[in-house]
Each structure stands twice: as structure tokens, then as C-alpha cells.
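Reviewing the structure listed below.
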Amino acid sequence: ECLGFGKGCNPSNDQCCKSANLVCSRKHRWCKYEI
């Protein structure tokens, strides 16, 4: 189970959906698309 776009996340334990190119923003602490 991974976190979708805009979901709150923990930068030190990034559980955002890698298959959707999502990463946890250290600044905003939510899943965003990796550029």
C-alpha cells in the first residue's frame, strides 16, 4: 500500500507511490510528482 498524490507523508520513511513517480516532499510533507 503506497500513498497517492497530495497525501501526507514522512520524508524519513517515504511511502509515496514510486510507480506513479511520487516522492515525499521534505518541505511540504506530502506526496508530489518527482520532476
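Placement of Cβ uses the backbone N, Cα and C atoms for every residue, glycine included.
For C2, the disulfide partner named by Swiss-Prot from the candidate list C17, C24 is C17. With respect to Cβ neighbours within 10 Å, the disulfide-bonded residues C2, C9, C24, C31 differ, and C2 shows the lowest count.
Nearest by CA distance to C9 (disulfide bond), out of the disulfide-bonded residues C2, C16, C17, is C16.
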